[in-house]
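Quick look at what TrEMBL annotates:
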{"type": "COMPBIAS", "residues": "7-37", "note": "compositional bias 'Polar residues'"}
{"type": "DOMAIN", "residues": "257-408", "note": "domain 'PROP1-like PPR'"}
{"type": "REGION", "residues": "1-66", "note": "region 'Disordered'"}
{"type": "REPEAT", "residues": "183-217", "note": "repeat 'PPR'"}
{"type": "REPEAT", "residues": "253-287", "note": "repeat 'PPR'"}
{"type": "REPEAT", "residues": "288-322", "note": "repeat 'PPR'"}
{"type": "REPEAT", "residues": "323-357", "note": "repeat 'PPR'"}
{"type": "REPEAT", "residues": "358-392", "note": "repeat 'PPR'"}
{"type": "REPEAT", "residues": "393-427", "note": "repeat 'PPR'"}
{"type": "REPEAT", "residues": "764-798", "note": "repeat 'PPR'"}
{"type": "REPEAT", "residues": "799-833", "note": "repeat 'PPR'"}
{"type": "REPEAT", "residues": "834-868", "note": "repeat 'PPR'"}
{"type": "REPEAT", "residues": "869-903", "note": "repeat 'PPR'"}
{"type": "REPEAT", "residues": "904-938", "note": "repeat 'PPR'"}
{"type": "REPEAT", "residues": "940-974", "note": "repeat 'PPR'"}
């Protein structure tokens, strides 16, 4: 730009008019009229090549005459075609339509776009590009073309050059020709070539030469110069030149403006883009699609949101369809502002235009959904991305991991993280950190540490944020040494943030390292860290823990003085006011409950009790003061601070507070855990009469006795309160009856039940269920049925538990019809039947031998959508086993495994029973072998004993002893039942010697000596063997142990 020093850049524009006055020409009839407007084929904005010169030029016509003659000729030819019909002759000059003619020119058919000599000249000049500069003389090269090229044709040759040296040399030769005349067009062509090749100094010299030649630059030449500056980033020169053009009133084309705007935007000069855009609008230049796209982007980048949206609406009103990038920028800025409706509206508009969103757009929307908690839409958007084949990048996968973490879909989050690694997209430390944070959310600090170690191995040194998350992992793991090392590493990047300091304080408090916690607080204060609300609470808790009220007061005053507190916060204001001890003018409505909790804790020491009472009085005057105090009391109990809880409890009672029932219950339970039942009774006595919910307190006391395994005291407490005429409530009664029944105190349970029924105490469904269950366990089946009838009489609705218990009651009474009636009644009343209801009835169908009904009910249960569990399969297989339906049992066994239920020991036992009942002993033995093979369930003596009993009935001595030996070889020790089976077999079939040998081999077993059948069988075997003395010894032993003798019938 320094070389471009001329009057062109002056503030005063040049006078374009000639000094001589112009007079209008006198036209006569013989004058040749030339067209006043001719197309400019040299415009930069026109990409069409010029039309070739006609071989038979016609006389030029004026605009009016041309239009008149052409229209008249068209009307004439139209009438001629109508009159001549299909045989009409079309003149040659209109055989091609305008569209066909354009295509003909674009195709460059037969090389006739330019004359042959022009094409030869272009090729001759271009051939010089391979020669070094100065090695040729353009005069000699172009000697054969002298006088053959017109000025226009020389311009064509110049325009077709791509190398700036050939363009420069050809232009120098061109100026030597006779037909040459200085023109803005030829200079513009040369400027364009220099601009495209970056020879801006030559371009400036050429521009000056043009001015010196007397050629006034037009908008095309000036636009070409501006484009050259813009292309090569010479923005300072561009602005100087542009300013000169504005002063001279030259209006540029939209293409030049687009070139300038695009160049500035590439260098992030967004404010300059906006300034030129506004000048462009003032100048009246109509923007096009590209202009709007560039300008909207710069407006967004410059945070001019309103103007960006306004320009966007203007663009749409002009009929332009915005590009995806434009939508993306606007959606992103709407997401950043949190304007969800605006962002979704833009996205919907984009989808209506059938524009596929980019990865960046999807990432912005996912981020918006994540921040607003609209996770379902986020997952839906990700599915839509897959449908439109939008490739997700690491950012999107990272957001998806965060969303899965928020939704609790931890397995999906882990799967996504692994998928990122497989795709090779895992490069950003933020993704690792996000996955670690998801693991921390689930409480899995080990997996979080694994992820952080992978990050360390992949990137080497960790970022500050990575150290912060790593510290959180060690704090959760309670790894003190690693946490302190990480805290030190974090300190090297700048003093740790409030959250990290809070984490370390929390760890020290958990581990009971109070001194370290206090030292850390001192270091935090020395480094003048600005306390946030959470850190301040933690620091106050440390001081409260040690009753360090003086230190707490000093800290608060120091932080307030140094401006390290957010004093406009209600929590901070409340703490400061409480520490100062002056609540005068304090607005109770602005108080913070947690601050009062900390102040009360801080002043819990005896020497500051007066401050505690004063603070508590202020707290109780607030809206939820009593609730806050009660919560503090509960917190003391949870933390095990019994003395503090007791002090606060007594102070609240002293101030006449009516405590919540939950608070009273917590206090009573607290005394119970410490086995201080007398204090619990005193607390109960102090508030029971004043409480509006006495029944709940009764249930607390009885539950406390039960949990302390003092069921007798619970029963006595109930009797005492009942004698006083107090209704302890259905909940307390239910707890007491269940406890008495579980302890085997069925008579006491029955007394409680009868007393409640006699006094017509109002009971609920749970209480009646407890009564029925207790009497079922006691064997009082008729009484259990009467309780159910009483329940219906009193209008209490039975639950599914009620019907399940009653099916069992009638089943044990062997009243199958009543059990079926209970089942059908539950169905009629609309009670949703569960698996237990079906299996209960199936059990009693099986015991009654009604296998078809049991099987039908089992299938009906599955049809109702109830998936049978292991217990249901076992019960049904037992039902088949009772009748020897081994095929059905085997089929059910296979179905059970297909449905994902693993067979247990009882399953195999039922299968073995089914085989033996059908005399399929080989299959039964194979079932036992299958247990060994699968290894999930090991065979027991019960499985072998079923097979032994079945074989014993057949009298096959060899098979019985073979199976018995298999039991021994499997490593099992035969139980009493196996010995009984074998001895019974020996007695029934007269194998006396084998029976005596077996007894003598097992006689040392204590369990055998106490068994009546084995000892009686031994007496009979000894007598049969003629060993009367040994028989008498066994009989004497039985008498000494109090075992009655059993007479057994021997074989033969």
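Count begins at 1; order follows the chain as displayed.
Just so it is clear, glycine is given a Cβ too, placed from its N, Cα and C backbone atoms.
Any TrEMBL annotation is an automated prediction that lacks curation.
The average pLDDT for the repeat 'PPR' (834-868) in the predicted structure is 88. When Cβ-Cβ distances below 8 Å are used as the criterion, the repeat 'PPR' (358-392) is approached by residues 324-325, 327-328, 331-332, 335, 338, 340, 343, 347, 350, 399-400, 402-403, 406-407 of the same chain, each at least six residues removed from its ends. Among residues of the same chain six or more beyond the repeat 'PPR' (904-938), those with a C-beta under 8 A of the stretch's C-beta atoms are 870, 873-874, 877-878, 880-886, 889-890, 893, 896, 944, 946-947, 949-951, 959, 963, 970.
Applying DSSP to the repeat 'PPR' (288-322) sorts its residues as follows: 26 helix, 0 strand, 9 coil.
Sorting the repeat 'PPR' (253-287) by DSSP state (H, G, I as helix; E, B as strand; all else coil) yields 27 helix, 0 strand, 8 coil.
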